[in-house]
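Read the structure below first, then the notes.
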């Protein structure tokens, strides 16, 4: 029961932090809705066991970033840079389309039809959380991006 409460709290905090930041200042960036943030937060928790908000402001690329934040500081930050590139490569008009997914024991499956915007977004998020799971998390890199004020 406590794990469920922690999970619920983590998801709500993650949504509030990301959506309260407003639109990203990244070139060509599109805002994520509360719905899209909710899905990504759950995928992160499922794949890593870590609440989604723990990746906000991690390194130079995780969270809301500037147009040219610098070089990724580690593997996790590189995951976020790749995620940004993945989103920009989708055919989606925006990044707010809700998608269907299933996650079991850290493995994410996207359920929307192949080729749909929702499937593309889910696949980008799935690649991100798989990458997170493969790279060590370093809490000292929170709010740390060399050259960024």
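Placement of Cβ uses the backbone N, Cα and C atoms for every residue, glycine included.
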Taking TrEMBL at its word that 61, 63 bind Ca(2+), choose the one of 84, 94, 125 listed for that site.
84
Over all shown protein chains, what is the count of other CB atoms within 10 A of the CB belonging to residue 79 (disulfide bond)?
24
Fewest other C-beta atoms within 10 angstroms, as judged across 62, 80, 117, which are the disulfide-bonded residues:
117
Of 62, 83, 86, 92, 117, which recorded positions are close to residue 125 (active site), meaning a Cα within 10 Å of its Cα?
83, 86
Local backbone state of residue 62 (disulfide bond), from DSSP in three classes:
coil
According to DSSP, how is the domain 'Phospholipase A2-like central' (36-148) divided among helix, strand and coil residues?
52 helix, 10 strand, 51 coil
